[in-house]
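> One structure, as structure tokens, below. Some questions next.
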């Protein structure tokens, strides 16, 4: 019997096979770090008198707590400032490469690494961050870990893990012109639920996936964790190789040829058997938006807020009632009737150059609606920001009435100055819409950059087709 992509990468990194139910010992190629989940790991090394096993395979950046304006001024939040200075001190002490605020390569941890060519097919990649699954778009086995595991990888460059189950999500057919990668993943999560992928590595397959750019593939893999999965993967192909060729950390010359030859073997065998298979008809997809307080509460933009009384399952009915109350909505109201206060375009889900181009193309020649308080456009990395400015996208955003910011996690989460106030409603290209995610009492609707841009123009949740 053949093996899946995930199983191949696992086997290639197996240091020791566990026996009698014990976990395997897996070699880790790359660990990415940021200021939030690394302090305790560094302190653990310090107390034990250890040094990193392979310091050249550890790379850090500042992203979660960083301001996106006035980056040359002192951070107004004492806790955030402490975490940032602590990371800088720790990296200096232990010799870990750091891309700090203001650095040309600084950015969200899951954005700067692919741009630099650090993320490559067949690698094992970890980070103390849920959305490490983003790197699976390259055919890497990438997943988030806890702080104690961060310390373990620093000390040994290995992890003890039991093999994950495998799931195939086949996105069959061609994607309609008005549907995007974000709509694909929101539709998948709506179908299987936020726990549907628990314990699995999801491999995204099918014509619609193959037709995506690398930026779009990263969007899909990024939100694997929102489906409960440990990781998401897409087999590498010519699109992957073209993206990587010539990047700073990509192999060159004969080493490039050798790498590509290996990368081409990283695909699921025809006779491999997945533990679970899910099929999605891409031809029937369109713009999706979340209405509730978890990423699984998503619907086509043409739908209406659910009526809890029509939900048979008592648990789901109660969850819908709570979500509708928290979100300040009414059962049965059309999604397109929901007025929005703030628009956020950015994050490790949708802050890449393809995303900014998508939003700018829709905004060009328009102004934001009067009821929209602010539109924040935040590139996922400093290199994305520079590329956008080279293309004149920043001017499009500014002419529209949007704020063009520096790179960072920004309004994806309430850990930096970019927050919503209680009862403020946003449409956001980020990945989570939990209660209070964007600030205490915040109300978040997840959507694609295209829908976010159209909403900013009309003032109510809209798709480009509504313009």
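Residue positions begin at 1 at the first shown residue.
From the backbone N, Cα and C atoms, a Cβ is placed for every residue, glycine too.
Here Swiss-Prot flags 348, 409, 412 as [4Fe-4S] cluster binding site, drawing on sequence analysis. Residues or ranges marked as region 'Disordered' by Swiss-Prot: 423-448.
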> What is the Cβ neighbour count of residue 409 ([4Fe-4S] cluster binding site) at a 10 Å cut-off, with all protein chains included?
30
> Once the chains shown are all counted, how many other Cβ atoms turn up within 10 Å of the Cβ of residue 412 ([4Fe-4S] cluster binding site)?
30
> Which are the residues of the chain, 348, 409, 412 excluded, whose CB is within 8 A of where the CB atoms of the [4Fe-4S] cluster site average out, their centroid?
63, 64, 108, 131, 346, 347, 349, 351, 380, 408, 410, 413, 430, 431
> Measuring CB to CB from residue 348 ([4Fe-4S] cluster binding site), give everything in the same chain under 8 Å that is also at least six residues away in sequence.
108, 109, 110, 111, 131, 134, 222, 380, 409, 412, 431
> So how many of the residues in the region 'Disordered' (423-448) end up helix, strand or coil by DSSP?
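So the region 'Disordered' (423-448) is made up of 0 helix, 8 strand, 18 coil.
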